[in-house]
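Student: Relevant sequence annotations retrieved from TrEMBL are reproduced here:
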REGION    1-35  region 'Disordered'
TRANSMEM  113-134  transmembrane segment
TRANSMEM  146-170  transmembrane segment
TRANSMEM  182-202  transmembrane segment
TRANSMEM  230-251  transmembrane segment
TRANSMEM  286-306  transmembrane segment
TRANSMEM  318-340  transmembrane segment
TRANSMEM  347-365  transmembrane segment
TRANSMEM  371-393  transmembrane segment
TRANSMEM  413-435  transmembrane segment
TRANSMEM  455-478  transmembrane segment
REGION    482-504  region 'Disordered'
COMPBIAS  494-504  compositional bias 'Basic residues'
Amino acid sequence: MAAPPAPATEGSPQPEPHVREPGPGSAKRGREDSRASRLSFCTKVCYGIGGVPNQIASSATAFYLQLFLLDIAQIPAAQVSLVLFGGKVSGAAADPVAGFFINRSQRTGSGRLMPWVLGCTPFIALAYFFLWFLPPFTSLRGLWYTTFYCLFQGLATFFQVPYTALTMLLTPCPRERDSATAYRMTVEMAGTLMGATVHGLIVSGAHKHHRCEATVTPGPVTVSPNAARLYYIAAAVVAVTYPVCSSLLCLGVKERPDPSTPASGPGLSFLAGLGLTTRHPPYLKLVISFLFISAAVQVEQSYLVLFCTHASQLHDHVQGLVLTVLVSAVLSTPLWEWVLQRFGKKMSAFGISAMVPFAILLAAVPTAPVAYVVAFVSGVSIAVSLLLPWSMLPDVVDDFQLQHHHGPGLETIFYSSYVFFTKLSGACALGISTLSLEFSGYKAGACKQAEEVVVTLKVLIGAVPTCMILAGLCILMVGSTPKTPSQDASSRLSLRRRTSYSLA
């Protein structure tokens, strides 16, 4: 082992780095580096499969958890608001914590990020299953679901942060990273479609409308054991996807070694790195804009099933509408990836606004044909709203590293803080909106809700997402956005990562 170089004394001349003059072999080496940075089809698919469990679970909770807590667990709307808000806040709070510990973790044989994904897998599966479990007691059900929803959100964060940050360590090529992101979004949406289909078909028997038609009393309907059992089965099916997909991710994706060298100097602290990233203007604009857009998508998803069940005569179309949203999102993702490459990411953001007029139309004319058209357009808009930030975030990271002389590892801080802010906005939006149901007089488990509840659901499905989407797009369109780094810039970034200090 070579001895480390002696530290330079004050006033001593600093050695100049040896720069190799370009020779005949430079072009050949460039072509070899380009081929080495390419990701195989199998690697991209396995990388996408790794994120499927979190997306399936998130989709199930987004569409059905609120309905489950209100109509099956029969928790008051105020307590449901606390459950949703507490879970989202715990997931948001776990993001900087995850970024701190992951940023300081040492590289193992399977990488620096992969062990976190594998280690969280069994605990997330258990927390998710008990989230849908109906305990025998009734007085403390709110505390039960708050506890397991907080556990699930926190563990899912420790799974998702290293998984998404893995994008930066798959390849140094920006185009390949964008391609891997598109594969990830497509495979995740396909898995979400399959998971939501299975989950929805299993629990559909628990929400048959004839249970209300056969009820003569105006109070809450008694929950049958069969309804609870259906949710147990659906939860178990989704929980099993965590170990299966994590195993495929580990087998098919090899994390590239961190280009930094531990002997090159001390690492930057997490708080110092967080302060640097949050002062980067392109990152601030990206985060603030998608605070509104992601919150709008979460509100739209959360209240679609409740709107169809209690504010319109679409209760028999719930499963079909959910599938329409997901199918259109899956099918439009490759199209949006082409649009991103052809017309640019900023121009593609206008596709999110397609949801606005149709959301208002659904609230005004809640008929089946209109609902299916709205569901299709909403899926198209949701696809680009999910793909766009994860395609822009690597460009923001590269833009930051080109302007600042800091080493690798900051990508974890960028990703974790972005997820933190978006989750926090979703927590506030869902918490406040669910609390508005309590103020409007929502009765948990009741077959027919008051007219004030119907009006509130129409506002939540139409006006609220519209305002948030327009606000987010206005912020995103102001100023310039970071461009995809050129090949020369990408080479400089690669050189900097090889010669900078470690953050571990």
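Placed from the backbone N, Cα and C atoms, the Cβ positions cover glycine too.
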Student: Let me spell it out: take the transmembrane segment (455-478), skip the flanking residues so only those 6+ beyond its ends count, and list any with a Cβ under 8 Å from a Cβ in it.
Tutor: 285-286, 288-293, 295-297, 299-300, 303-304, 306-307, 310-311, 346, 349-350, 352-353, 355-356, 359-360, 362-364, 366, 429, 433, 436-437, 440
Student: Six or more residues beyond either end and a Cβ under 8 Å away: which residues meet both conditions relative to the transmembrane segment (146-170)?
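Tutor: Residues 39, 43, 47, 50-51, 54, 57-58, 65, 82-84, 86-88, 90-91, 93-95, 98-99, 102, 111-114, 116-117, 120-121, 123-124, 127-128, 130-131, 133, 176-177, 180-181, 184, 249, 253, 255-256, 258, 390, 394, 397, 408, 411-412, 415-416, 419, 423 contact the transmembrane segment (146-170) from elsewhere in the chain.
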Student: What residues elsewhere in the chain lie close to the transmembrane segment (113-134), defined as a C-beta under 8 angstroms and at least 6 residues from its ends?
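Tutor: Sequence-remote neighbours of the transmembrane segment (113-134) are 50, 53-54, 57, 61, 65, 68, 72-73, 98, 102, 105, 145, 148-149, 151-152, 155-156, 158-159, 161-163, 165-166, 169, 223, 228, 231-232, 234-236, 238-240, 242-243, 246, 249-250, 253, 255, 412.
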Student: Give the nonlocal contacts of the transmembrane segment (347-365) in its own chain as ranges (CB under 8 Å, at least six residues past its ends).
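Tutor: For the transmembrane segment (347-365), the nonlocal Cβ contacts are 293, 296, 300, 307, 336, 339-340, 371, 373-374, 377-378, 380-382, 384-385, 388, 458-459, 461-463, 465-466, 469-470, 472-473, 476-477.
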Student: Counting only residues 6+ away from its ends, which parts of the chain sit with a Cβ under 8 Å from the transmembrane segment (413-435)?
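Tutor: Tertiary neighbours of the transmembrane segment (413-435) are 66, 77-78, 80-82, 84-85, 87-89, 91-93, 95-96, 98-99, 102-103, 153, 157, 160-161, 164-165, 270, 273-274, 277-278, 283, 286-287, 290-292, 294-296, 298-299, 302-303, 389, 393, 396-397, 400, 460, 464, 468.
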